[in-house]
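Trainee: Once you've had a glance at the structure underneath, I'll fire off some questions.
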Amino acid sequence: MLCPDSDGPETYGLTAGTPPEPNPAHQEAADQDADNDTDLDDVFDSADEVDDGPSLDLAKPYNRQQASHGAAKPTANTFASIDDQVAELSKHAAKIRLDNVKQGQDRDKDKSDRATAELVLDQRTRMILLQMINRGLVSEIHGAISTGKEANVYGAVLYPDNPDADEPIQRAIKIYKTAILVFKDRERYIAGEHRFKAGSDKGNNRKMVKLWAEKEFRNLRRLHAAGIACPEPLMLKLHVLVMEFLGDKRGYAYPRLRDARLAGDDVDDQWHHLYVQLLGIMRRLYQVCNLVHADLSEYNILYHDKQLYIIDVSQSVEHDHPHSLEFLRMDIKNVGDFFRRQGVDTLQDRTIFNFITAPEGPVEEPALSQAIEHLYEIRPAVAETDEAAAALEVDNEVFRNQYIPQTLDEVYDIEKDADKKVDELVYKHMLADRTVVEEKEEDAGSSDEGSDEGAALSGDDESDVDESIFDKGRPRGKKHEDKDEKKLHKQAVKEAKREKRKEKIPKAVKKRLVSTTTRKKK
Ligand SMILES: Nc1ncnc2c1ncn2[C@@H]1O[C@H](COP(=O)(O)OP(=O)(O)OP(=O)(O)O)[C@@H](O)[C@H]1O
Ligand SMILES: [Mg+2]
């Protein structure tokens, strides 16, 4: 059953109790650390698929080590050795107690039963879990916290060496399902990710799942390094990810934001603060981690004691992903919809989008929250008439349907855009941080007061512009758009015109806008 000697799986994270030490300032370096953090003296190296060639960049360091260690590896008795080790691991079998469903949450009851029934773990997964027990990463694995289409999450517990002195540590284990066919969708998230260029292999489910788990592991590391509340990722082995458990000492997970029940006299205030907290997290995620969550909603946020925890980041994408801004807009909408249902007075989607993407501005609390409160202060007077309220709603709709160019090369109609105020451009943060200087020159004394996004544009020199934004992404002119997109875009332009602002764009800015784009088109 077990086949010896192939390109084996990579293990990330805790090895013999060593916590990962990601560096927030060097995300790529952190990712690279993960690449090198392989454990080769591992029985499951041999248990991995024979036909799986190295699929990722991170296979390179592995291969190098493989080559240098290869000679020392016993070959003749590999089968016997693996069998011995399997037998050795089997002594832990009783510690995988998936029928012991600890999570008492109603929403999961049926699902847990289903999970138990359906989860006769495949041999590979079982071996990975046994090995984790053997290594002391966890002592026992319990019932499902959650089961879904793509992954199940289980509670696990690590009993301390000295039970008198230390409390048991709860952990969560996310096991991605390998025998499913829902990856068509996932391709959309992985394709376009420079980190996973070589990894996508639609034809191989197991590889795709592994990639997916790896994406979650790396993204969690980024969040954790950036100080965003999330489960700390501890170990990854193929499609099995061990992470910090977000819940109480007895093993009950924190509720999803959707299920959170706030108590007290100031529930409205609490919801408002959670909303502000989340917008801050989204900006931090974007600016510090370079990520867009891409599935952010009340289902993928846990709540405890006034704190939001971000989970489920397997589909999160980098800025340069061709759909990252669309995903961001979707996240903003989902978050807004949820908080409005809680009675929160939410900001306009467009305002939030600009707040999150503006390169200048705070990324740390409490300045983040203050900047958001400032957005409330400077927003146009609350729409008192039905007409004004409707106009605001129209603006929200326009924004939601607007075509968002991902790079300046993708700007749809520069001539039309040139007639708009810079603030109206959904891609304004892609433009060189130049306009303020010129605005100031033209109209001394006027600042960015009129802007409602809270974070001011900087007066940086053009040379500081990240040129890389110009050469990434699929060029998307009219002919690349599908019919619906075209229609939506047309509607958006029409609406936007109707709403046209009184002030026109300053001449110098207009000239600059045209010349920037023209230059890049060459
Ligand atoms: N670290 C954790 N600690 C406690 N509970 C967790 C943790 N991670 C996940 N959960 C629980 O498991 C649930 C599912 O997790 P997650 O959202 O990451 O999986 P998923 O990818 O949505 O799975 P699927 O899409 O298959 O439903 C969460 O809603 C949460 O209740
Ligand atoms: Mg989820």
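Glycine is no exception: its Cβ is also placed from the backbone N, Cα and C atoms.
Pasting the relevant annotations from TrEMBL:
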ACT_SITE  D295  active site, proton acceptor
BINDING   K174, L246  ATP binding site
BINDING   N300, D312  Mg(2+) binding site
COMPBIAS  30-54  compositional bias 'Acidic residues'
COMPBIAS  439-452  compositional bias 'Acidic residues'
COMPBIAS  459-468  compositional bias 'Acidic residues'
COMPBIAS  469-498  compositional bias 'Basic and acidic residues'
COMPBIAS  499-522  compositional bias 'Basic residues'
REGION    1-76  region 'Disordered'
REGION    437-522  region 'Disordered'
Trainee: Specify the secondary structure state of K174 (ATP binding site) as given by DSSP, simplified to three classes.
Mentor: strand
Trainee: Tell me which recorded positions (K174, D295, N300, D312) have a Cβ under 6 A from ligand 2; sequence order is fine.
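Mentor: Result: N300, D312.
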Trainee: Round to a whole number and give the Cα-to-Cα distance in Å for the pair K174 (ATP binding site) and D295 (active site, proton acceptor).
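Mentor: Rounded to a whole number, the Cα-Cα distance is 17 Å.
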Trainee: Just jot down the residues in the same chain as D312 (Mg(2+) binding site), at least 6 apart in sequence, with C-beta under 8 A of its C-beta; none if empty.
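Mentor: For D312 (Mg(2+) binding site), the qualifying residues are E216, D295, Y299, N300.
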Trainee: Which ones in the same chain are close to L246 (ATP binding site), with CB under 8 Å and 6+ residues apart in sequence?
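Mentor: The answer is A172, P231, A253, Y254, L302, H304, Y309, I311.
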Trainee: Return the residue, from the listed recorded positions K174, D295, N300, with the maximum count of other C-beta atoms within 10 angstroms of its C-beta.
Mentor: K174
Trainee: Which secondary structure state does DSSP assign to L246 (ATP binding site), in the simple three-class scheme?
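Mentor: The three-state answer is coil.
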